[in-house]
Amino acid sequence: MPYAGLIRPSVERMQTYSSARDEFEGMAPVMLDANENSLGSVGPDDFSRYPDPHQRAIKLELAKLKGVAPGNIFLGNGSDEAIDLLVRLTCTPGQDSIVICPPTYGMYEVAANLNDVRVQRLPLTPDFHLPADAAETLAASTAKLVFLCSPNNPTGNLFAQETVETILRTFRGIVVVDEAYADFSPAPSWTTRLPEFPRLVVLQTFSKAWGLAGLRLGVAYAAPELIGYLNKIKPPYNISTATQQHALAALAAAPQLPEMQAELLAGREVLASELPRLAIVDHVFPSDANFLLVRFNVDATAVYDQLRARGIVVRNRTTQPGCAGCLRLTVGTAAENAVLLRALTEIVTQSPNAVTSAH
Ligand SMILES: *Cc1c(COP(=O)(O)O)cnc(C)c1O
């Protein structure tokens with residue numbers, strides 16, 4: 001019983017919605033079971049039929065690519081949907097809690113707040129690693145879920161494998177390792193450890209390295225029994241036909257991925273080596289992702305505003321815990337990176353008084 005006490009009782013009790021496409025799989029010459037429009041669609045493309053609620057074709061291809069079984073895969077409308085479903089699967093509103101390790105991705109807390117679930121904070125160290133007592137603290141916690149984002153957003157670093165492993169062995173709740181940026185990191189994915197850890201969930205996404213943020217497709221990998229629970233509570237048709245078609249086309253083109261990854265990593269290295277030469281840059285944090293967290297020795301919000309005035313939008317992270325003075329810069333094309341570096345150089349040389357000194 002690896003999930004004893006971890007699944008919300010109301011979820012255990014509830015009946016799954018049985019969709020028309022669950023009760024009849026595939027196509028027959030006459031399909032009059034789902035109140036679709038048999039005449040076709042308004043608009044140029046035919047989307048008149050409901051999509052496969054189990055996304056079998058994608059899971060088959062993704063399983064091959066990732067070296068897991070189709071039964072280890074849940075697909076969400078972005079990983080944000082998987083995050084929300086994981087909170088709702090395990091936490092009873094007004095009663096249960098999750099653990100996050102700030103500074104980190106904001107959607108964990110949003111999902112908890114939306115579901116009236118308490119958030120416990122286990123802050124990262126000043127250099128953004130899991131604290132030495134993280135496993136011990138979590139072992140004593142009754143939280144249902146901990147979110148470990150590795151490589152972490154907005155800091156860019158991977159968490160130590162030994163610490164994550166100790167947490168997986170000692171925390172009684174579900175350990176969600178969010179690998180949205182794993183495609184930019186040399187570390188092996190935690191999906192390789194799924195057979196050892198029934199309470200491990202690994203999140204990945206098509207939004208970053210795959211360049212398909214507009215499609216909304218995220219993936220949760222876990223033991224089949226846990227995947228079964230996510231399937232039980234998901235909206236039946238959560239992945240549209242258009243998304244499924246595009247995702248299959250992308251998976252067929254997977255051999256193109258390494259070239260794009262290499263180009264983005266090269267861009268990251270250019271930025272990582274050039275940014276520290278700028279007088280206004282205090283520190284560039286090491287990154288295993290497609291962005292860099294940069295600490296400025298001047299008012300970072302003023303730098304943000306000046307970049308914005310030059311048509312360059314970056315992410316202002318100055319109000320995040322431990323991120324005072326920091327902006328998060330996404331790696332762009334070679335040309336965009338050059339424009340960014342030139343703009344920052346100009347901010348240094350042309351407006352020495354426009355950015356006031358930070359304390
Ligand atoms: C971008 C990002 C995601 C991706 O979310 P999608 O809903 O799949 O687009 C998930 N987690 C983290 C940490 C991210 O930065």
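A Cβ is built for glycine as well, from the same backbone N, Cα and C atoms used for every other residue.
As a whole-number mean, the pLDDT of the domain 'Aminotransferase class I/classII large' (46-344) in this prediction is 97. Marked as domain 'Aminotransferase class I/classII large' by TrEMBL: 46-344.
The Cβ of K208 (N6-(pyridoxal phosphate)lysine) lies under 8 Å from the Cβ of A180, Y181, D183, F184, A289, N290, each of these being in the same chain and 6 or more residues away along the sequence. Under the three-state DSSP scheme, K208 (N6-(pyridoxal phosphate)lysine) falls in the coil class. Look at TrEMBL and you will find K208 tagged as N6-(pyridoxal phosphate)lysine.
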